[in-house]
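Following: one structure in structure tokens, then a few remarks.
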């Protein structure tokens with residue numbers, strides 16, 4: 001009898017281990033925040049992403065777009081809010097000295113042209129969670145005021161909790177990878193993607209973690225178009241308003257996995273209180 005019990009217990013243990021291995025890790029196929037569309041997107045990737053399946057644009061088509069530079073190398077995207085403030089993702093600035101950061105504006109290339117402006121200070125959302133990538137927002141105050149032109153303009157912000165209906169077409173832009181691999185783009189690119197309902201996005205990412213109320217998803221069910229590493233912190237714009245900040249995702253442009261963005265309307269009051277915008 002004791003041998004039968006031992007065999008039964010061993011079978012149960014093997015079954016449990018096999019089941020655990022068959023289910024995706026909730027946090028490890030995330031893209032690292034800074035890898036995540038910083039780097040790997042999902043891995044709850046937050047590193048940087050490059051637009052996959054998109055098209056090249058001139059910066060005048062997205063004059064609010066900036067390249068966030070870390071020691072003179074492109075790290076993330078960002079959006080101009082006014083002549084002193086830029087919004088990006090918290091995973092793009094966390095733990096970095098502002099003196100090591102600068103933003104390039106008014107150029108279709110992240111490595112040259114336009115204007116390079118230093119960052120005076122960063123204000124990350126106090127509730128940012130690097131494990132869940134929740135509240136993935138960071139404000140950057142610039143060292144000098146910007147001069148607006150056809151190539152440099154602020155983006156309009158939504159009202160607090162202003163809704164975005166599922167299926168709304170939005171444009172994501174950046175210099176991130178043009179494939180899930182590590183091939184990045186020197187020239188600004190964009191892609192048009194439909195927003196996805198909170199319910200459908202939650203179902204897609206059920207094994208990777210919660211899609212919170214501070215998140216907005218966009219992408220095609222069949223994949224093919226998405227933000228990618230290097231695009232983190234960059235803009236998702238719908239009807240002329242900044243509705244999302246590139247945050248994380250599973251790979252890039254993978255079927256069944258829309259891109260996950262920080263939902264700007266959810267922190268509209270925080271942006272106003274900390275930047276005056």
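Glycine residues also receive a Cβ, built from the backbone N, Cα and C atoms like all the rest.
What you see is a predicted model, and the numbers here were worked out from it, not measured in a lab.
According to Swiss-Prot, the feature signal peptide maps to 1-19, an assignment based on sequence analysis. Per Swiss-Prot, the feature domain 'Peptidase S1' maps to 51-276; the stated evidence is sequence analysis. As annotated by Swiss-Prot, disulfide bond applies to 76-92, 201-217, 228-252, with the evidence given as sequence analysis. According to Swiss-Prot, the feature active site, charge relay system maps to 91, 136, 232, an assignment based on similarity to another entry. Marked as site 'Required for specificity' by Swiss-Prot: 226.
Features per Swiss-Prot, on structure.
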residue : record                           : Cβ neighbours (10 Å)
76      : disulfide bond                   : 36
91      : active site, charge relay system : 34
92      : disulfide bond                   : 33
136     : active site, charge relay system : 36
201     : disulfide bond                   : 22
217     : disulfide bond                   : 26
226     : site 'Required for specificity'  : 33
228     : disulfide bond                   : 41
232     : active site, charge relay system : 40
252     : disulfide bond                   : 33
136, 201, 228, 232, 252 screened against residue 92 (disulfide bond), Cα within 10 Å - retained recorded positions: 136, 232
10 Å Cα neighbourhood of residue 252 (disulfide bond): matching recorded positions from 76, 91, 136, 226, 232: 226
Residue 136 (active site, charge relay system): nearby recorded positions from 76, 226, 228, Cα cut-off 10 Å: none
Cα distance (Å, whole number) from residue 217 (disulfide bond) to residue 228 (disulfide bond): 14
In three-state DSSP terms, the structure that residue 217 (disulfide bond) belongs to: strand
Taken over the domain 'Peptidase S1' (51-276), the model's mean pLDDT: 94
Secondary structure of residue 226 (site 'Required for specificity') (DSSP, helix/strand/coil): strand
